[in-house]
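Undergrad: Below is one structure. I have some questions about it.
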Amino acid sequence: MSLRFIYGRAGSGKSQYCLNSIKKRIEEDIDRPLILLVPEQFSFQAEKNLIEVLDEKTGFKTQVLSFKRMAYRVFNEVGGITAKHMNESGKSMLLYNIIEDNKNNLKVFKKAAKRQGFITTISDIITEFKRYNITPEIILNNLENIEEDNLKYKMEDLALIFSQFETRLHKNYIDNEDDLTILVEKLNKSKQFDNAEIWIDEFSSFSPQEYSVLEKLLLKSYRINITLCTDYLNQGRFVDTTDVFSPIKNTENKLLQIIEDNNIKLDKPIALNCDPCARFKNSIELQHLEKNMFSFPYKEYKNETKDICMLKTLNQFTEIENTAKDIIKLCRDKGCRFKDIAVITGDLEGYENIISSVFLQYNIPFFIDKKREINNNPIIVLILSALEVLSKNWTYESVFRYLKTGLLDINNEEMDILENYVLANGIKGYQWTNDKPWEHKSFSNYELEDQVEKELLAKINDIRYKAMEPIISLNKNLKNKERAKEFCEVLYEFLCSINLPDKIQNMIEDFRAEGEVEKASEYNQIWNIVMEVLDQIVEAIGGEKISLKEFFKILQTGFSEYEIGLIPPTLDQVIVGSITRLRSHNINILYIVGVNDGIFPAPLKEEGILSDDDRQFLGDKGLEIAKDTKSIAFEEQFLVYSTLTTPSKYLRLSYPIADGEGKTLRPSIIISRIKKIFTNICEENDIVKLNGEEEELKNISSAKPTFNYLISNLRKDIEGVKIDNIWGDIYKWYFENEFWIEKLNRLVKGFDYTNQSKYIETKKIRNLYGKPLKISVSRVEKFSQCPFAYFVQYGLKAKDRKIFNLSYPDLGIFMHSILEKFSHELEKKGIDWDTMDLNWAEEEIDKLINEELDNKSLDILNSSKRYEYVTKSVKKILKRSIWLIGEHIKRGNFKPSYYELSFDIDGDYPPIAMELHSGEVVNLIGRVDRVDLLQKDGATYLKIIDYKSGTKEFKLSDVYYGLQLQLLIYLDAILTELAERFGIDGEPGALLYLKLDDPIVKNIVDMSDKEIEKSIIKNLKMKGLILNDPNIIKDMDNIISGISDIIPVMVKKDGGVSEGRSSVATKEEFETLRKYVRYTIIEICEEMLEGNIEIKPYKKKDGSSCDYCIYSSVCKFDTEIRGNKYNILIDKKDEEVWEAIKKKLEC
């Protein structure tokens, strides 16, 4: 019985010494068991290395074990375990059930139990307890030593959960974490390790469970050899936590304590002092880094480096692209093998997709060394979404998550048809499950013939029944089921009914045929995982009563804990992984990417359920558990040291200065430390682009990425930028390559691409727009915004997918409709706005809205609680609006005379006729919300009011550009009709926008009712253009003094109008605007009929017509594309507008 340490710094040859020692023992033909004990993740590599040292005949005499493998061997030898092992998934499901049953008994974790990830946290702490040999009884016995209430209650909760977990678990199962505890007991009966010599390698520390196993082995074996990565032995002395080797020296001290307690001999240690070390025999620089990285003081290396390099990049993508180029260069120019290269990072999740994308493009074979979660696998999504459909009452999201898994007998076209219908009509809940066919006809924005619509509706119902039949059967079969076992049985029958096992097998075969080995391996494991999860539910809680929602949660918890481990599909490939999973053997070249602050070294982890103070307190009371975050942070130094000393030939560290969102990233402290040691370190960056053939050669690697660089350089050449001659040779290579010639020709044609098509044939445009042209004024304004958007919307009639929701335009139309009906009700009853009873008016608004809802004219407002709230808001807004309109009318002499005045063939007035220069007549149609009239001095003055649900400003500049024409053309049309049809002398009074709203008043507590009303009136002040006549202004606001709070006017003390603070125009200016609007509309209509469909959106200081345009994916407007330019509209001052208008009219 003895212990021997084999120690040395990284790369000194400790592992090789163990292998050579084993070989020597075999050659000496010593009759004793020879064991190599390594961590589980290194067992495969250790076996491989041992076989390389030993020949095939002698290799069988040695066993390579991990602690887990050792446990299984002993259990097979002496027996003692009859129960099955429960995996992490089963543990989580069992813990979920325990916490649900005890949630009312928990003191601290009652609320936390509902949070996502809590089950995993509890599972982790129980694992920690077991590894530190802590039982529920030990926790309970120590409670009296805990004075602090919060910690005491925490430990009580943990003891309760832990105790019930142990009780329920051991009915049918055993926890994986119990293996080593049982191993300690069974080793007394085992003969396998009697007089054995054991070599223990690649460990930096052990858990208390593992120390207990080692103690037993030390008492049974001939000798245990343990490798320690350290520069010297501590021999039981105090350990400085800041020492990079402190974790190793702590391990040494604990081992020394064990042999001292058991009177076991300590053999003379083997010191592997080397200069240079075996690993770094070909690199003085890497040897220097190993010696000085954590040495104080350190020794500077002043020569230029070639084996250690740094790279600063613009972002993560260019960082990985540069890494790929460097790998290709090393393999191409220096004969390196992909299998000798590793790329690691402290943020694998953030880099994984980028590495996959770039390495595939550069044809670099790679394997990402990580376990894959299964939550996003379509099979798991199918199972969970099927149960979610039933537990969440058939919501759109859950139903289509289920349907879109690709595992049901419904194709994509059928799915799209069904989805469009469901979205358009808000199908949910019982509408899916009742036998009655769907009869809604509004499933598109297009008007279809009755027969076509009937056929499409029949098809939709056929798709619905086919798609929903399996899940409706599942729903029926789950009725009246209460126990977990019954739920599992019904779910299994459902999966078989949709032929899932056969479909999975077909998918595996397809993946293999397409060379997607990793995908095939993943799907090969999924069905077994599903069955294992169901089995563990049945075994652990099968007889317990649960609800469907609980069953869904338990399954979700179980699947979330599963991770699939994949075997590398080939040997010669780059290993990509995280720093914590780095396999240290046989890596010649190492790329560490993302060497940024907060990534490498890793930041302090969150403290978890037990804080650092809690752990310190418990440790002081003799209840030792895992290290606190500060201790782990000190151990991170050793991880950094181990990582930097892994490669034997070449190390490159790279760091981006910004992440994918453009946020600044700082380089890690490691970068500055290494720069101090290596004062002339090889340092590159891609931020400052250098010119020259050598730099261009760096971009020439694999065919695909080089082709992208060729595109960039050809574009520069076309734009007149001088490019390097080498790109001519590159172009020639692709041109002469059969595979690339077609792509190259498409590329060349692409340089002449433009998305513009300025005009189309007049005949075609006539077919699209109709003849004679009959359009609304708002459509004319739309054409002014962008001719192409107009063409797509009104020519091609392209529309958004119809969704069952309430848009702002829908709401606006609804409110207009209610106001119109209310106005006509006033007329019918002979009630004036300024004398109406407000209580009656509010009741009338309620009545009109309720009638609309009863008639289902706006069915959506009855569809949910949210829309009930919207309905209440609409009622409040309309009640506020009718009060406001009444206040406005009380303040003036204008009287409402027309509501929803229409211009159309069957309207109040005929369409507004516009004769083009060709003699053709264009008919404009439209509707005015309200027209108020004033009879004064033999003339009739018009006040035209447009109700708006949003804020709308009146800008002369927009009138000039054809963006704001409606009110002016309506004014012109009414004045013309009054004069020509009725001989009435009409005059412009005002053009106004009235916002329909119920604004929030601030500081309402300190205000009287009158002050509140005044604030609301001021808040909802109308915008527009007023006749510059003080008398007419008085007829609109008879209490005006200074700035009016209802119209955009300010009067001076002498009664005159302050033109600088008012939006006013004289009669002559109104006349000019009438002429200009007609001129502009004629000009726009002629452009329209000539076939102008140019992609030319306007752009102003406050935005562009592209901002809310739904057709951007159609036009693909981009100022980088030839011929794509904004129609820049400069906001003009009013005086500039008047000048410009006069000039145009004079032409």
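Counting begins at 1 with the first residue displayed.
Each Cβ is built from the backbone N, Cα and C atoms, and glycine gets one as well.
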Undergrad: If I go by Swiss-Prot, which of CYS786, CYS1085 binds [4Fe-4S] cluster at the same site as CYS1106, CYS1109, CYS1115?
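TA: My reading of Swiss-Prot gives CYS786 as the candidate in that site.
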Undergrad: Relative to the Cβ position of CYS786 ([4Fe-4S] cluster binding site), how many further Cβ atoms are located within 10 Å?
TA: 26
Undergrad: Just the number: how many Å between the Cα atoms of ARG9 (ATP binding site) and CYS786 ([4Fe-4S] cluster binding site)?
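TA: Rounded to a whole number, the Cα-Cα distance is 72 Å.
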Undergrad: Same chain, not part of GLY8, ARG9, ALA10, GLY11, SER12, GLY13, LYS14, SER15: whose C-beta falls within 8 angstroms of the C-beta centre of the ATP site? Give them in sequence order.
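TA: Same chain, not in GLY8, ARG9, ALA10, GLY11, SER12, GLY13, LYS14, SER15, Cβ within 8 Å: CYS229, LEU272, CYS274, CYS277, ALA278, ARG279.
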Undergrad: Between the binding-site residues ALA10, CYS1106, CYS1115, where is the Cβ count within 10 Å the lowest?
TA: CYS1106
Undergrad: Using DSSP with the three-state reduction, classify GLY8 (ATP binding site) as helix, strand or coil.
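TA: In three-state terms, GLY8 (ATP binding site) counts as strand.
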Undergrad: Select the closest residue to CYS1115 ([4Fe-4S] cluster binding site) from the following binding-site residues, measuring between CA atoms: GLY8, GLY11, SER12.
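TA: Nearest in space to CYS1115 ([4Fe-4S] cluster binding site), counting only the binding-site residues, is GLY11.
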Undergrad: If you take the centroid of the Cβ atoms of CYS786, CYS1106, CYS1109, CYS1115, the listed [4Fe-4S] cluster site, which other residues of that chain have their Cβ within 8 Å of it?
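TA: Near the [4Fe-4S] cluster site, the remaining chain residues are GLN785, PHE788, ALA789, ILE1095, PRO1097, SER1104, SER1105, TYR1111, SER1112, PHE1117.
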Undergrad: So if I draw a 10 Å sphere around the Cβ of LYS14 (ATP binding site), how many other Cβ atoms end up inside it?
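TA: Result for LYS14 (ATP binding site): 23 other Cβ atoms within 10 Å.
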